[in-house]
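Right, one structure below, let's go through it.
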Amino acid sequence: MADSVHRLNTSLSDENFKQSCASIRDKLVRLDQSSIDSILEHNDPQKAEIVLPDGRQFIWYFAIGSMNNPISLYLRDLHPIVSYPVVCPNYQVIFRSPSGMADIEPDPRAEFHGVDHLLSNDEMARLDKMESIYRRILVNVIDYQDQSHLVYAYTMIIPNKTVGLPSERYLDIIVKGCEYHNVRPEYINRLKQEQTVVPRKQPQEFQSFTDIPIDAFCVLKK
């Protein structure tokens, strides 16, 4: 008998995602529009960096995985100045074995959607350290007003890369991020309807621990 194919069920986490977004909304410190405009007036679509006259630098970063989700960004202390949906032509997104994490590879017949963020240079440097199994590459993306821009994306540097399946939870994080940033519904539906996933564990499958010492404790250091 062939193995059953499992697709994403986003309804299981819809309410939790709404509550999480609401909980961080008041904690986010955003630049005022005049400050954003003063940064963007130095933008050059042919460059992935913005350098201001005072020396400050900002980086255009194309998120293809969990970093398109506002909760994932917040938990990593990343606060994009602007974010908007884009399409990346001549590439496809691939989920790699064994972890099922997202990667991109060239394909002249393909395209896929994601979210373009503008991060500070310091934030991008921290993200480089977090994404230790990836390296930055330059790709061209096109926004939904048909304006192109050169940006950085991450591609895996592990040897012998093979295709795997994303976990249902991971794909759900990606889809929620796409929905939040208004990625085109047809692409979101493609992820939901066509991408096979490793299903979430059911409560009866959770492992319980019964032999925990009574004097076990942890200390939270500042």
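Yeah, the Cβs are placed from backbone N, Cα and C, and that goes for glycine too.
TrEMBL labels come from automatic prediction, so no person has curated them.
Annotation comment: TrEMBL describes Y61, F62, A63, I64, G65, S66, Y170 as substrate binding site. Feature annotation from TrEMBL assigns active site, proton acceptor to E131.
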- Task: Could you say whether, by DSSP, S66 (substrate binding site) belongs to a helix, a strand or a coil region?
- Result: helix
- Give the helix, strand or coil assignment DSSP yields for E131 (active site, proton acceptor). coil
- Query: Of all the Cα pairs drawn from Y61, F62, A63, I64, G65, S66, Y170, the residues the record ties to substrate, which distance is largest, in Å?
  - Reply: 20
- Query: Across all protein chains in the structure, which of the binding-site residues A63, I64 has the highest Cβ count within 10 Å?
  - Reply: A63
- Note on the structure: One should report the C-alpha separation between G65 (substrate binding site) and E131 (active site, proton acceptor), rounded to whole angstrom, as 11
- Message: Please identify which of Y61, F62, Y170 has the densest Cβ environment, defined as other Cβ atoms within 10 Å, among these binding-site residues.
- Response: F62
- Message: Excluding near sequence neighbours, so keeping only residues 6 or more apart in the same chain, what lies with its CB under 8 A of S66 (substrate binding site)?
- Response: S72, A102, Y170, I173, I174, G177
- In whole Å, note down how far the CA of E131 (active site, proton acceptor) lies from the CA of I64 (substrate binding site). 12
- Between A63 (substrate binding site) and the residue listed as 'active site, proton acceptor', how far is it from one CA atom to the other, in Å? 12
- Note on the structure: Listed in sequence order, the residues of the same chain lying six or more positions from E131 (active site, proton acceptor) whose CB sits under 8 Å from its CB are Y154
- Item | Surrounding CB atoms that lie within 10 Å of the CB of G65 (substrate binding site), all protein chains | 23
